[in-house]
Amino acid sequence: MKSWNNTIILEFLLLGISEEPELQAFLFGLFLSMYLVTVLGNLLIILATISDSHLHTPMYFFLSNLSFVDICFVSTTVPKMLVNIQTHNKVITYAGCITQMCFFLLFVGLDNFLLTVMAYDRFVAICHPLHYMVIMNPQLCGLLVLASWIMSVLNSMLQSLMVLPLPFCTHMEIPHFFCEINQVVHLACSDTFLNDIVMYFAVALLGGGPLTGILYSYSKIVSSIRAISSAQGKYKAFSTCASHLSVVSLFYGTCLGVYLSSAATHNSHTGAAASVMYTVVTPMLNPFIYSLRNKHIKGAMKTFFRGKQ
């Protein structure tokens, strides 16, 4: 990859969330703590699901996949940021930047698709309870996860490969704590119209499509819950999807907030600080949301730890 004047570009500078020297120690401790909580929390969900045979159901199969993706998602960005803060070095190589961008797109896409699959699972469980295990059979569950991976990989590879031919100018500073594709593309010296079109199309198709599916699923779920006569039955039905609805609201709400913030304030640290919500905070909170009021997960964790003693 070459710059506009044919000199080789080997690295970018990640400016991070803040350039204030007095904040670096605080940011390091904060993000290290959040990273460890995220990894351990999601790892516990995976181990509890695997170790308890009662949780070998479609709902918890998808949840364990989401937890695995969240671990990978946060591991794509935070460790590099921690290294940069600790070493006082903002450099990321060109190859490292493209790789980070590729994996970030992969895992954010997987989060998106898995949340949609989980919404469909809740739709079948509440609207077609008698046929739930027939419809959500192991083959379909595996195919849904596989399809999520395939679509995410294709999107990630397409957008990352389209960055490779772009020539870059001498201004190589990225006002972010990771190589966010929109920020990187707009550092290029050439016309990025095609890249922008592909990015907007991907957001509309791969973001809007799953969100539409989630909204449709929940519209049917709400209709089914309203048809239940007893208050206890309504509460029980709603409680089975309350955690998922909370995670969906958090994920899409923070994503929307980030892009609105980025649109309002170009080339500032505001967008980077806002993106912490869906890149770090959401994966960290997911295990707490799913386990806080879920007696099956809490019971599986207790059994798991008792078995280790």
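Note that Cβ sites are derived from N, Cα and C of the backbone, with glycine treated the same way.
Listed in Swiss-Prot:
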- 1-25: topological domain 'Extracellular' (TOPO_DOM)
- Asn5: N-linked glycosylation site (CARBOHYD)
- 26-46: transmembrane segment (TRANSMEM)
- 47-54: topological domain 'Cytoplasmic' (TOPO_DOM)
- 55-75: transmembrane segment (TRANSMEM)
- 76-99: topological domain 'Extracellular' (TOPO_DOM)
- Cys97-Cys189: disulfide bond (DISULFID)
- 100-120: transmembrane segment (TRANSMEM)
- 121-139: topological domain 'Cytoplasmic' (TOPO_DOM)
- 140-160: transmembrane segment (TRANSMEM)
- 161-197: topological domain 'Extracellular' (TOPO_DOM)
- 198-217: transmembrane segment (TRANSMEM)
- 218-237: topological domain 'Cytoplasmic' (TOPO_DOM)
- 238-258: transmembrane segment (TRANSMEM)
- 259-271: topological domain 'Extracellular' (TOPO_DOM)
- 272-292: transmembrane segment (TRANSMEM)
- 293-309: topological domain 'Cytoplasmic' (TOPO_DOM)
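All protein chains included, Cys97 (disulfide bond) registers 21 other Cβ atoms within 10 Å of its own Cβ.
For the topological domain 'Cytoplasmic' (293-309), the predicted model reports an average pLDDT of 73. DSSP gives Cys189 (disulfide bond) a coil state; it is part of no helix or strand. Long-range Cβ contacts of the transmembrane segment (55-75) within its own chain (Cβ-Cβ under 8 Å, at least 6 residues beyond either end) map to 35, 38-39, 42-43, 45-46, 48-49, 103-104, 107-108, 110-111, 114-115, 117-118, 121-122, 125, 136, 141, 144-145, 279-280, 283-284, 286-287, 290, 296-297, 300. When the stretches 26-46, 198-217, 272-292 are ranked by Cβ pairs under 8 Å to the transmembrane segment (238-258), first place goes to 272-292. There are 14 other CB atoms within 10 A of the CB of Cys189 (disulfide bond), with all protein chains counted. For the topological domain 'Extracellular' (76-99), the DSSP counts in helix, strand and coil order read 18 helix, 3 strand, 3 coil. By the count of Cβ pairs under 8 Å, the stretch nearest in packing to the transmembrane segment (198-217) among 26-46, 100-120, 272-292 is 100-120. The topological domain 'Cytoplasmic' (121-139): residue composition by secondary structure is 16 helix, 0 strand, 3 coil, according to DSSP. Same-chain residues lying 6+ beyond the ends of the transmembrane segment (26-46) with a Cβ under 8 Å from its Cβ atoms: 16-18, 63-64, 67-68, 70-71, 74-75, 78-79, 81-82, 85-86, 280-281, 283-284, 286-288, 290-291, 297, 301, 304. Counting same-chain residues at least six beyond the ends of the topological domain 'Cytoplasmic' (218-237), those with a Cβ under 8 angstroms from any Cβ of the stretch are 119, 122-123, 126-127, 245. Applying DSSP to the topological domain 'Cytoplasmic' (47-54) sorts its residues as follows: 7 helix, 0 strand, 1 coil.
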